[in-house]
Protein chains: 2
Amino acid sequence: MSAANAGRRPTLAVVGATGAVGTVMLDLLSTREDVWGEIRLIASPRSAGRRLTVRGEQVEVIALSEEAFDGVDVAMFDVPDEVSAAWVPVAAARGAVCVDNSGAFRMDPEVPLVVPEVNPDDARRRPKGVIANPNCTTLSLIVAIGALHRSFGLEELVVASYQAASGAGQAGIDTLYGQLEKVGGTRTLGQRAGDVRGAVGDFGPFPAPLALNVVPWAGSLKDAGWSSEELKIRNESRKILGLPGLRVNATCVRVPVVTTHSVAVHARFSRPVGRDAAWETLRNAPGVVLSDDPEHGEYPTPADVVGTDPTWVGRVRESLDDPNGVEFFVCGDNLRKGAALNTAQIAELLAAEFSD
Amino acid sequence: MSAANAGRRPTLAVVGATGAVGTVMLDLLSTREDVWGEIRLIASPRSAGRRLTVRGEQVEVIALSEEAFDGVDVAMFDVPDEVSAAWVPVAAARGAVCVDNSGAFRMDPEVPLVVPEVNPDDARRRPKGVIANPNCTTLSLIVAIGALHRSFGLEELVVASYQAASGAGQAGIDTLYGQLEKVGGTRTLGQRAGDVRGAVGDFGPFPAPLALNVVPWAGSLKDAGWSSEELKIRNESRKILGLPGLRVNATCVRVPVVTTHSVAVHARFSRPVGRDAAWETLRNAPGVVLSDDPEHGEYPTPADVVGTDPTWVGRVRESLDDPNGVEFFVCGDNLRKGAALNTAQIAELLAAEFSD
C-alpha cells in the first residue's frame with residue numbers, strides 16, 4: 001500500500017457473507033485480532049437486507065454491485081467460480097485488493113496463490129491486485145507438506161483424500177444430513193447392492209449416495225479420467241511450493257463426514273527423513289498440531305478436528321524400504337483453514353501493509 | 001487326495017457358522033454349484049443346538065470339539081485368530097484339510113496363502129494340511145493387482161483404504177448402526193470438535209466414533225507406528241504374488257460403511273502400462289468387473305458393490321509423469337470375496353481333487 005495509507009485501519013468487504021464459508025468467516029472475524037475498520041457484508045441480491053452478526057454487532061448485508069466496493073481496501077470473495085470471474089476484476093478496478101477463494105484465478109501466473117505459513121512473500125507480488133486462496137483439499141495438507149519440504153526437499157506426493165460433504169457447500173451439508181435421517185433408523189441398509197441408493201432420497205450435489213457410502217469422485221471430469229479436484233491438488237501444490245516439476249498423483253474420494261477433510265499422504269523427499277526428524281519438523285511447524293501416539297489412540301479424526309484452526313497430523317511413519325519416504329494422515333477443517341481461515345490470514349497480511 | 005477318494009463327494013465342516021462371515025458362507029454354499037456331501041456346521045458351545053438353513057435344509061449347529069471333525073474332508077474356519085491357532089491343528093490331525101480365514105497361519109512358510117484367481121497352484125503344496133485365506137483388505141485389491149502384475153510386472157504399491165465396519169465383525173456392524181441411530185436425526189452434529197464423540201454412545205470395536213467420521217486405524221500397533229492391518233496388506237501381497245521384495249506402503253482407515261472395503265491404489269510396474277492396456281487387462285481378468293466411465297457417473301462405490309462377488313475397479317488413470325504407473329479405485333465386499341467367497345473358492349479347489 002502507499003505511504004498515504006500508513007496507520008489507517010483498512011475497510012474490508014466480505015463477498016458471499018451468507019454462504020457456508022462466509023458464515024465461518026464472520027465467526028473468525030469476530031474472534032481473531034481485530035485489524036479492520038469497517039467490515040462490509042456483500043451477497044447476492046436475494047440475501048440483501050439480512051442482518052448478520054460480526055464483531056458482536058449487527059451488520060446489514062448489501063447486494064453485490066460496482067458501488068458496493070467503493071472505499072473498500074481489501075475484498076474477500078467466497079462465491080462460485082463464475083461469480084468471482086465476473087466480479088473480482090470489478091472490485092480490483094475500484095481499488096480493492098481481492099482475496100479470492102474460488103478456482104477462477106488460482107492458476108493465473110499473474111495471481112499469487114498464498115498460504116501464509118508456506119509462501120507469505122508471494123502475497124507482495126500481485127500485478128492484478130488479486131491473490132488466490134487454494135482449494136480446500138490442497139489446504140488440508142499443504143501446511144504440513146510445506147514444513148517437511150523446507151527441511152527435506154519434496155520430490156513426490158501420492159495422496160488419497162477423505163473429503164467432507166461441506167466441500168460441496170451448504171447443499172452438501174444439507175444432503176448428508178437429509179440422507180442420514182433416512183437411513184439412521186434402519187439396521188439392514190448397506191448390506192445389499194443398491195439398497196442405500198434406493199433409501200437415501202436426493203443425491204444433492206453428489207453423484208451417488210453419501211450416507212453409508214464413499215464416492216470416488218469430486219469436481220468435474222478432465223483429460224484421461226482425472227477429476228478437476230485431483231488436478232487442483234497437483235497444480236496448486238506445485239505453485240504454492242514453487243516446485244513446477246513436483247510429481248503428484250491424487251485420488252479424491254467423498255466420505256460421509258460433515259466438515260473436515262482428511263488425506264492419506266505418501267511423500268518422498270530428496271534426502272532421508274526418518275520418523276523422529278519428521279516429528280521434530282512437524283512439532284515446530286506453525287499451524288500444525290502433531291497428534292501421533294497410536295498406542296494411546298491418538299491420531300486426528302474429523303470428529304475431533306472440526307471447528308479448529310490448525311492442520312492436524314498423525315500416523316507418521318517412515319516409508320518401508322525407502323528412508324527418503326514418509327507416510328502420514330492429515331486432517332484439516334475445510335471451512336476454516338481450508339477456506340475462511342486461510343483467506344482471513346491472507347487479508348491480515350494485507351492489513352499489516354496499512355500499519356507498515 | 002488319494003486315488004481312493006476319487007469320485008466321492010467330500011464332507012465339509014464350517015467352523016464359526018453363526019458369525020458374520022459364517023452367515024455369508026451359508027448363503028454362498030446354498031447358491032454356488034453344490035460339490036459337497038455332508039455339510040457340518042460347527043460353532044462355540046453357546047451356539048450349539050441352533051438350526052441354520054444351508055442348501056434349503058435345516059442343519060443343527062454342533063459344538064466345537066475334536067470329535068466334531070471325524071470324517072470331515074475339508075474344514076473352513078471363520079473364527080478369531082486364537083480359536084484357529086488352537087483348533088486348526090486338531091482338525092488337521094484328524095485328517096481334514098483346513099482352510100483358515102484367521103491371521104494365525106497366513107505368514108507360516110509351510111502354509112500357502114491362496115487366491116484362486118491369482119495363485120491357485122499354491123493350494124497343492126500344503127505340508128501342514130492347512131491353507132490360509134488372506135485378510136479382507138488384501139483380498140479387496142489383490143485380484144485386480146494380480147491381473148495387472150501378470151501383464152506388466154508389479155514393482156511398488158502405495159495404497160490407502162476405506163474399510164467397512166463389518167471388517168470388525170458383527171460387533172462392528174452393530175456399533176455403526178447404533179451410532180447412526182443416535183446421530184441420524186440431528187442436523188448440527190459434526191460441526192464442532194467433540195460433539196460426535198459425545199453423541200454416538202458406545203465406540204464398540206473402534207477406537208473413535210465411526211458415524212460422521214473416519215478413523216485412521218485398524219488392527220493392533222506394530223513397530224514404528226505401523227498397524228497390523230497395514231503390514232498384512234504388505235506381507236500378504238508379497239506372499240500371494242510371489243514377490244518377496246515388493247515395495248508396499250499402506251494407510252488403513254475405517255469409514256462409516258457397513259460392508260465393502262475400498263482402496264485407492266497407486267501401482268508402479270516394470271514397464272509402461274497406459275490406461276487402454278490397463279483397461280484391457282482388467283476387462284479380461286477373472287473375478288474383476290471394470291466400471292470406469294466417470295463421464296456417466298460410473299465408478300464403483302460400496303453401496304453398489306456390497307453383496308456381489310467380484311472385485312470392482314474404476315477410476316483407472318495413467319500416473320502423471322510416470323508411464324509405468326497406474327492409479328485406480330477398487331471395491332470388494334469384505335464378507336464375500338474378502339472372506340467367505342475366497343474361502344469357498346479354495347475349498348472348491350480341494351473338492352475338485354476328489355473328482356480328479
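For all residues, glycine too, the Cβ spot is worked out from N, Cα and C.
According to TrEMBL, the feature domain 'Semialdehyde dehydrogenase NAD-binding' maps to A:11-126.
Marked as NADP(+) binding site by TrEMBL: A:T18, A:G19, A:A20, A:V21, A:R46, A:S47, A:S166, A:G167, A:P205, A:N334. According to DSSP, A:P205 (NADP(+) binding site) is assigned to coil rather than to any helix or strand.
A coil conformation is recorded for A:R106 (phosphate binding site) in the three-state DSSP classification, outside any helix or strand. Around A:R106 (phosphate binding site), the same-chain residues at least 6 positions away in sequence with a Cβ under 8 Å from its Cβ are A:L113, A:A132, A:P134, A:N135, A:K232, A:N235, A:E236, A:K239. For A:R106, the entry in TrEMBL reads phosphate binding site.
The active site, acyl-thioester intermediate annotation in TrEMBL covers A:C136. Classification of A:C136 (active site, acyl-thioester intermediate) by DSSP places it within a helix.
Annotation source TrEMBL lists substrate binding site at A:Q163, A:R254. For A:R254 (substrate binding site), other Cβ atoms within 10 Å of its Cβ number 28. Under DSSP, A:R254 (substrate binding site) is assigned to a strand (E or B) in the three-state scheme.
A:H261 (active site, proton acceptor) carries a strand DSSP state (E or B). Around the Cβ of A:H261 (active site, proton acceptor), the same chain contributes A:C136, A:T137, A:S140, A:S161, A:Y162, A:Q163, A:A164, A:G167, A:P302, A:C331, A:G332, A:N334, A:G338, each under 8 angstroms and 6 or more positions distant in sequence. Marked as active site, proton acceptor by TrEMBL: A:H261.
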Which of A:A20, A:C136, the listed recorded positions, has fewest other Cβ atoms within 10 Å: A:A20
Which of A:T18, A:Q163, A:S166, A:P205, all binding-site residues, has a Cβ with the fewest other Cβ atoms inside 10 Å: A:P205
Around the Cβ of A:R46 (NADP(+) binding site), the count of other Cβ atoms that are within 10 Å: 9
When distances run from the Cα of A:R254 (substrate binding site) to each of the binding-site residues A:T18, A:A20, A:R46, A:S166, the nearest one: A:S166
